[in-house]
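Shown next, in structure tokens, is the structure this report addresses.
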Amino acid sequence: MFCVQCEQTIRTPAGNGCSYAQGMCGKTAETSDLQDLLIAALQGLSAWAVKAREYGIINHDVDNFAPRSFFSTLTNVNFDSPRIVGYAREAIALREALKAQCLSVDANAHCDNPMADLQLVSDDLGELQRQAAEFTPNKDKAAIGENILGLRLLCLYGLKGAAAYMEHAHVLGQYDNDIYAQYHKIMAWLGTWPADMNALLECAMEIGQMNFKVMSILDAGETTKYGHPTPTQVNVKATEGKCILISGHDLKDLYNLLEQTEGTGVNVYTHGEMLPAHGYPELRKFKHLVGNYGSGWQNQQVEFARFPGPIVMTSNCIIDPTVGSYDDRIWTRSIVGWPGVSHLEGDDFGPVIAQAQQMAGFPYSEIPHLITVGFGRQTLLGAADTLIDLVSREKLRHIFLVGGCDGARGERNYFTDFATSVPDDCLILTLACGKYRFNKLEFGDIEGLPRLVDAGQCNDAYSAIILAVTLAEKLGCGVNDLPLSLVLSWFEQKAIVILLTLLSLGVKNIVTGPTAPGFFTPDLLAVLNEKFGLRSVTTVEEDMKQLLSA
């Protein structure tokens with residue numbers, strides 16, 4: 001086992017990365033190794049997808065499957081070894097079908113990629129785990145050095161984050177052939193074990209640029225189906241009655257669940273990154289979508305244990321449900337998996353609803369506590385002139401984007417302290433689950449404009465980018481000249497690709513933490529600092545002083 005993709009990874013003087021029987025996330029060495037094998041199979045599939053496009057062949061089954069199954073290897077998504085192997089077998093079957101299509105056009109068609117002809121050696125998980133050793137990401141570290149390995153992983157993990165957003169967009173009916181062609185090209189190239197530093201840096205920026213397009217079609221998918229988010233108050237306390245909790249990012253799953261629970265007497269609560277769903281008109285129209293439950297994903301083992309109903313996980317983040325003894329009432333969807341947990345194959349939530357009706361639910365309604373969400377792209381752009389007016393009248397000094405992933409490290413209190421230290425004449429724009437560090441606090445307003453503005457899920461960084469570009473255009477300056485600072489928390493691969501997206505668009509002087517990714521070497525950090533001004537957090541006082549004086 002070697003895995004260094006998330007913030008929790010083991011860090012020692014000898015090196016970084018989980019490399020024992022179990023990773024810090026709870027992933028076993030077996031599952032981790034089999035995920036490496038799956039990635040190799042997917043690289044071979046992408047190699048043939050690139051070749052097929054040379055013949056004008058576009059196989060939508062391949063395009064749909066490839067990023068979805070890659071998403072299953074993201075942190076806290078799928079811990080189920082047999083399902084990971086199943087994805088690998090499906091990847092090889094699709095590859096062979098695609099290869100046959102190519103050969104039907106050109107009898108001499110071939111693919112030079114080292115992963116292009118990968119076959120699984122056995123049905124036995126132990127044998128497959130031994131085979132996976134050929135594909136462990138650090139297998140040639142001694143030959144290439146830590147810097148090249150770090151850049152490879154930056155590209156691999158960044159592409160994994162983009163694949164997750166591609167799947168979210170695909171579920172909503174969005175498809176862009178250029179994006180998929182670019183994805184396959186990059187995935188196939190990474191399967192050649194590249195070792196050129198400049199080429200890898202260019203690839204990282206290409207992934208960021210591609211992801212901006214992915215976020216654009218994801219935004220289109222969400223707003224076309226569910227309307228543009230508008231500011232909406234959400235209750236974060238319990239309402240009397242039977243209940244279901246839904247977590248993750250998949251708004252379509254939430255919509256289906258709301259449709260199927262309507263009139264059943266079962267209330268639905270959002271959790272984690274589902275919180276922004278309350279801002280969408282076509283979702284909040286369901287009156288039994290009664291509120292948001294819980295806090296950051298890392299607290300779920302305590303909070304889920306207390307929830308008096310079933311829980312549905314639609315994407316990341318799931319952690320060991322046996323710890324809180326709620327494994328008999330947590331359900332996984334799509335690419336999510338945990339051994340022994342019930343999995344919903346289709347869109348029928350009937351078994352979950354039946355379980356909810358058999359449980360007690362909340363015995364009484366608590367005194368409501370309302371927070372506001374729903375500052376989506378359209379709302380933000382509508383406020384652009386107001387922001388400019390406030391800046392021109394010196395009523396608004398600075399905007400801080402404080403957001404990103406949450407996590408369990410104590411150092412993450414930095415983001416709570418930072419938000420509460422923001423001066424009263426400054427605005428906080430937030431997104432993703434890092435907001436749970438401070439989104440239930442009171443921040444007041446500036447002439448009626450809330451000082452805390454919740455822009456949505458992690459992918460809604462797209463809305464923040466569009467707002468920044470619009471403000472810069474209206475003010476006749478560059479984005480980096482705006483009174484705007486980005487203070488970002490990272491945990492996993494979606495955050496990595498958001499960072500690459502921002503860097504690829506030329507956004508500079510981003511502050512990130514609480515720690516640097518374990519695959520960032522000192523040399524790589526120095527390059528990113530020199531080129532983009534990227535740096536790690538220090539203290540709230542020092543960072544605030546520096547950002548306000550920039």
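Count begins at 1; order follows the chain as displayed.
Any Cβ shown, glycine's included, is placed from N, Cα and C.
Since this is a predicted model, take the numbers as computed values, not measurements.
Annotated features in Swiss-Prot:
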BINDING   Cys3, Cys6, Cys18, Cys25  [2Fe-2S] cluster binding site
BINDING   His249, Glu273, Cys317, Cys405, Cys433, Cys458, Glu492, Lys494  hybrid [4Fe-2O-2S] cluster binding site
MOD_RES   Cys405  cysteine persulfide
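Overlay of Swiss-Prot feature records on the structure.
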| residue | record | Cβ contacts under 8 Å, 6 or more apart |
| --- | --- | --- |
| Cys6 | [2Fe-2S] cluster binding site | Met24, Cys25, Thr75, Asn76, Phe491, Glu492, Gln493 |
| Cys18 | [2Fe-2S] cluster binding site | Met1, Phe2, Cys3, Val4, Thr9, Ile10, Met24, Cys25, Lys27, Ser32 |
| His249 | hybrid [4Fe-2O-2S] cluster binding site | His168, Glu273, Met274, Thr314, Ser315, Asn316, Gln457, Cys458, Asn459 |
| Cys405 | hybrid [4Fe-2O-2S] cluster binding site | Glu7, Ala432, Cys433, Gly434, Cys458, Ser489, Trp490, Phe491, Glu492, Lys494, Ala495 |
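Taking Cβ-Cβ distances under 8 Å and a sequence separation of 6 or more, the neighbours of Cys317 (hybrid [4Fe-2O-2S] cluster binding site) in its chain are Thr75, Asn76, Val77, Ser247, Gly272, Trp297, Gln298, Gln300, Glu492.
Residue density at Cys433 (hybrid [4Fe-2O-2S] cluster binding site): 26 other Cβ atoms are found within 10 A of its Cβ, drawing on all protein chains shown. Each of the binding-site residues Cys25, Cys458 was scored by the number of other CB atoms within 10 Å of its CB, and the largest score is that of Cys458.
Cβ neighbours within 10 Å of Glu492 (hybrid [4Fe-2O-2S] cluster binding site), excluding its own Cβ and spanning all shown chains: 26. Secondary structure at Cys433 (hybrid [4Fe-2O-2S] cluster binding site), as computed by DSSP, is helix. Taking the centre of the Cβ atoms of Cys3, Cys6, Cys18, Cys25 as the [2Fe-2S] cluster site, the nearby residues of that chain (Cβ within 8 Å, site residues left out) are Val4, Gln5, Gln8, Thr9, Gly23, Met24, Lys27, Ser32, Thr75. In the three-state DSSP assignment, the secondary structure recorded for Cys18 ([2Fe-2S] cluster binding site) is strand.
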